[in-house]
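Peer 1: Just dropping this structure here.
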Amino acid sequence: MTVLVYLDHEGGAIRQASRSAIAAASQLGDVDVLVTGPDAADAAKSAAAIPGVKKVLQVTDTTGSSELAEPVAALLADLASGYSHILAASSATAKNVLPRTAALLDVQPIPDIVAINDADTFVRPIYAGSALATVKSADAKKIITVRASSFDPVASEGGNAVIEDVALPAGPGGSTFVATELSKSERPELESARVVVSGGNGMLNEENFKLLEPLADRLGAAIGASRAAVDKGFVSNEYQVGQTGKIVAPELYIAMGISGQIQHLAGMKDSKVIVAVNKDPEAPIFQVADYGIVGDLFTILPQLEAELDKAG
Amino acid sequence: MKVLVPVKRVIDYNIKPRVKADGSGVETAGVKMSMNPFDEIAVEEAVRLKEKGVVSEIVAVSIGEPKAQDTLRTAMAMGADRSILVETDVVTEPLSVAKVLKALVEKEKPDLIILGKQAIDDDMNATGQMLAGLLGRPQATFASRVEVADGAVTVTREIDGGSQTVKLALPAIITADLRLNEPRYASLPNIMKARKKPMEKITPADLGVDMTPRLSVVSVAEPPERKAGIKLDSAAELVSRLRNEAKVI
């Protein structure tokens, strides 16, 4: 069996999440990979160095077509005849493209897998992780996205794969790429940050919510928010962590003034270490927190910063 | 211009789903059900386009058990003009749903199809993309801004680390992300009015669609439970524990 992994890269460097997808693919068979975009040649070189990769398919494209789901989905569908499984890390790109590929192949995709039982059977979270479903696919080919936090990434150096050019098909047309705007924030992205500092209702207002920024800066953290904080207008909803917002699993999640509603817990309970500060000792957040402090967060927040500075 | 908005009935987002004792699935009997939150955003966007005068008719569709008509009534109370219930007791999957929607699109000929990006029950995030693939039409997923002008729609999409703008010829498929809008609550007079709006009932067989699922559920289990940790007295102790015990800073 040979598996094709569609890789995400940034300026030619393969994203760690994609190396996790390669780790998952290696459990299924030999691994070929596909890279697309204006920097595809650099990305292909990086991909060729990943141990376990047999062949790298590269699509160098400077027209913006490779940013569109339509031609890339068509390309993957064309390539599918040589593969038993097509995988990618669960990124915005993969979620845009792979289901379309699956439709072209008359396959039901299997998103966000966290474990592989055999070539047909996979474990995936449903209800934002409130349950884990083991599903068996009756399709001849499998189209899969991989939750990166569940598979240790393969190394980035040590391999020596061959690189081949492939061409992007035209696709059905009708869509035009206009522009990409990457946010200029110095902070890491919420969904891939190592540390997340989140605020809730307890932050009281928009002004106070900004008090989380120095702590986040100090820890190199992304900032998140509960739905209550978003609904009250403290921050915009791109910050929302929860079932209807972003699902995060950082190494450290600090919840400041968040009570811990079910819908919030669904978005962060897979974090490695959870810290909660809340004045209500009965707040449900303490039931999932590894470390809790009961108290006024406006007292504790400056103390926390001072202690972090002290400790270096 | 006509818009088709598919909506799904799911367990209300405020309810904690319970896994059935026999591990066959998640309990839905006697549980509060609501419209999938992302579908509410899709309906809201269609209604706003109608209020702007861009759209003349909104058709809501739901595929599922007879009770999905409650969800369609909600969509009509929000502003959809009429609805179609495609009744089936078979477990719905994005592929089979996309096939039903494709048949309806061929019949209704909408200019836009706006869907929620994902249902909060199976978390598949696939139906819109699959419908676009089956129809061979352009798609814009995870929309945070939609503008219709001159026979095309310009959509700003949420991507990892920022946003992307694409322009699509109509008819096109859009999936709604959280930032697109804040859905309205249906007013009581509108809820009353929605009761009189037309609802057509058909079956997948009427559309010639085979609903047989491709994925079979082997088991559904609770995830490993997190244990409550310890309460600390000071920020100093917290920093020390994070550094020396948890080793995360």
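The backbone N, Cα and C atoms fix where each Cβ goes, glycine too.
Straight from TrEMBL, here's the annotation block:
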type    : residues                                : note
DOMAIN  : A:3-181                                 : domain 'Electron transfer flavoprotein alpha/beta-subunit N-terminal'
BINDING : A:226-227, A:240-244, A:257-264, A:N278 : FAD binding site
Peer 1: Using a Cβ cut-off under 8 Å and a sequence separation of 6 or more, which residues in the same chain sit near A:I262 (FAD binding site)?
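Peer 2: Same-chain residues close to A:I262 (FAD binding site) (Cβ under 8 Å, separated by 6 or more) are A:Q243.
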Peer 1: Listing the binding-site residues A:S226, A:T244, A:G260, A:I262, A:H264, which lie under 8 Å (Cβ to Cβ) from chain B?
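Peer 2: Listed binding-site residues meeting the cut-off: A:T244, A:I262.
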Peer 1: Can you check which residues sit near A:S226 (FAD binding site), meaning Cβ under 8 Å from its Cβ, same chain, 6 or more apart in sequence, and list them in order?
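Peer 2: For A:S226 (FAD binding site), the qualifying residues are A:S198, A:G199, A:G200, A:N201, A:Q240, A:V241, A:G242, A:A255, A:I258, A:S259, A:Q261, A:H264.
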Peer 1: I need the least crowded one of these binding-site residues (A:I258, A:G260), counting other C-beta atoms within 10 angstroms of each C-beta.
Peer 2: A:G260
Peer 1: With every protein chain in view, what's the tally of Cβ atoms within 10 Å of the Cβ of A:G242 (FAD binding site), excluding that atom itself?
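Peer 2: Counting Cβ neighbours of A:G242 (FAD binding site) within 10 Å gives 26.
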Peer 1: Mean pLDDT over the domain 'Electron transfer flavoprotein alpha/beta-subunit N-terminal' (A:3-181): what is the value?
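Peer 2: The predicted confidence over the domain 'Electron transfer flavoprotein alpha/beta-subunit N-terminal' (A:3-181), as a mean pLDDT, is 95.
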Peer 1: When you measure from the Cβ of A:H264 (FAD binding site), how many other Cβ atoms are you left with inside 10 Å?
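Peer 2: For A:H264 (FAD binding site), the count of other Cβ atoms within 10 Å is 28.
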Peer 1: Around A:T244 (FAD binding site), how many other C-beta atoms are within 10 angstroms of its C-beta?
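Peer 2: So the Cβ neighbour count for A:T244 (FAD binding site) comes to 22.
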